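What TrEMBL says about this one:
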- 34-124: domain 'Ig-like' (DOMAIN)
- 146-235: domain 'Ig-like' (DOMAIN)
- 250-339: domain 'Ig-like' (DOMAIN)
- 347-439: domain 'Ig-like' (DOMAIN)
- 446-536: domain 'Ig-like' (DOMAIN)
- 550-640: domain 'Ig-like' (DOMAIN)
- 650-734: domain 'Ig-like' (DOMAIN)
Amino acid sequence: MGPIYLIFEIEKSYFAYFTFAQQSLQQDVGEIAPYFIRVLTNVYEADVSETLRLECKLNGSPRPQVQWYKDGRVVRADENFVLESKEDGTQSLTLRKASKADVGEYVCEATNILGKAETHTSVVVIENFPLVSEPMEISTHEEFAPEFDQELRECRVDEGQSVAFECHVLGQPAPVVHWFKDGQKVEENDRVTLEMLPDGKQRLSISEARAEDQGNYRCEATNIAGSMSSKAPLTVRVAEEMEIERAVAPEFSVPLHEVKVREGVSAHFECALSETRGVKIQWFKDGKLLSPSPEYIIECAEDGRQSLTVYKAKSENVGHYYCVATSPVGKAETEANLQVLEGVRQPEFTRGLKNVKVKSGELVALSCQIDMTKLKRLPAVKWYKNGVELIQDKRVLLTVNESGQCNMLISQTTEEDTGIYKCEISNDAGSNSCEAEVSVQLIKPPDFLSSLNDQVVNEGQNLEMEVKVSGAPFPDVKWLKDGKEIRVSGTVKVIKEEDTGTIRLVLEGIKPEDEGTYRCIVSNVHGTASAKASIEVKPKEKVEEKFEVPQFLRDLQSVHVPEGEDVALTCQISGQPTPDVIWYKGNVPIKKDDQKYTITSDENGLCVCRISNISPSDSASYTCKLVNPAGSVESSAELTVEAKIVVQPPEFKRAMQDRRTSAKSSVAFEIEVNTSDVAVQWFENGSEVNANHKHLIEQVSSTVFRLIVKDVDEKTDAGEYQCQVSNVAGTVVSKGNLFVEEERKEELIAPKFTKGLQDKKVKQGQKLVLEAEVEGKPKTVK
């Protein structure tokens, strides 16, 4: 029965083929029976005493043993026969001096443990001799037998390419030419052309060479004086031979990795080759060759990926798998194990952990329940606190019973036991976890670290009372005045800072009625503490109010500022009562909530208007206006913003180009940039070029620059030239090469007259014209 091919539906990026063939599962990795990549030519021809070489090429693993036979008898190496075997599989038998005794049937036989192959040929030895002719009439031309002044040469060609034999033969009279292949006369057809070229050469052309075109070709020339032949072999490399020559030693860029699956789940092995050309892939399990089947799906991707899928793995599929890649020049393999987990399911919880709050010193108990209805044995159990595994000790007890209940107990708890606790269960099929938060509360009744102090406060000022307390949990706070609880309002604030233990009571704009006894009470679940202090309010003295007209002690000053900076407009003022201050840009009042402006005034009368990140649009007249019940006054100044000058980084509008010139001449490199505000430097082979008798540096226009190299020297001036253009915004470089050709010396030819002067007669007064023609290099006529 012939091979069976199964095609499975696979991803678009893959291709796969599967062949079931009769083969031994015990066959060693990479073993190949012998076969000939290139067989012997059907017939080999040689002249008497000429050297003749029979050649073929084979493949096989292990390396085959080779034996040559002539007419059924073993050929032994001696002074006439030379046997040669090369590493690439090429085999040859060379006859040093062919004779009639060498004519016969020859066989090359290759054998290894897997089989045998052979190739056959015939050897013909030809004697060249002058033809015996009948007496003939005497010719005016001397007759001579054909002879080759250009012999045929051996040719090698790839299958499908064109090839031609050429030779040139002399003889008198002109010889008649015939072509032969392996002793058979060659006739023209759609691929074979026989012709004589205009220069007298004989040519045999073959287009789209095939394997059957390989052989020994002979050109035979004959005339009445005799005959002579020239011969040479043609070797056609077939596709398989070329593929083997291009083959590389296989190498795995991605190896196999161990696979674990549950019973009934498909297992997938994958690896990748860096090169697949000429490489054969085989998969093995525990030393046995795997053939594609519904159970073992073998796939090969065009990008070198190789895969083996074990469909719905069972316990009998457990074992050692390896992928072997072989080519004519090497072998590579990668291996991995398959584990099938029998009847194991991923563990799960029926009850998870719950958050727990305890007081310091109390017992913490966490418990969860594993679902044992789906498991044959208990999974592994681990406990973690804040991601770190817990280890059982004298305070920590970890238990799990046969029913799957997991317990964790911590005795003599402290605040440090607070955290996130996790129970993790796992087996070969997977893992699961649950977690909960444990809070251990520290027991500490409230206590004052700093108490209240009696105070005397002027009417209208702010009153601030502060204490520092401790306690766990942090105490609640209550403030009382004369036994009544104080309520928070717009002017009454209570501030509590738990991280520092600070508690404040702030009363803004205190009044005479705020005078009294104040008490701070702090409490938590473990107790209460209090502190008190007396507050006396000193009334304001009534003073007759005086009025003073506002005035500027120091006026605004005009300023010039670069764009992007900050600027402050300042003035010094006075007035009674303190004047209101209004700022204007032009005639528009500046709003205090405008983030661009920061307006401040201090008790010494210093008024400031700060403007941030100014731009040309901020240029204007700014005015400060002062107003109180006694009157108003203004001061103005100009703000001038100097716009930034934007400098463009240089760019090449026209870069350097390579130049070719001859020695002793001049050459110019020229560039053009996008801006005129630049500095330009020229370099020759890495060294800066300065203007001198050899180099001329020019600025053609504001953006065009030129370097001229004079009297170019091939040795010193050839090489790489660079132009570096820079300004404050950046630097760019352009490169070009100078190629210098050797100075050509003009051919000198001695002068020679091709037409001399001729005698002429003219009458007196007539014009006389004398002509001559001359050749020579150079020409100079006097």
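Using the three backbone atoms N, Cα and C, a Cβ is placed for every residue, glycine included.
What TrEMBL says about a protein is an automatic prediction, not a curated fact.
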*If you count Cβ pairs under 8 Å, which stretch among 34-124, 250-339, 446-536 touches the domain 'Ig-like' (146-235) the most?*
34-124
_Averaged over the domain 'Ig-like' (250-339), what pLDDT does the predicted model reach?_
91
*Report the DSSP secondary-structure composition of the domain 'Ig-like' (146-235) as helix, strand and coil residue counts.*
3 helix, 56 strand, 31 coil
_Per-state residue totals over the domain 'Ig-like' (250-339) - DSSP helix, strand, coil_ = 3 helix, 54 strand, 33 coil
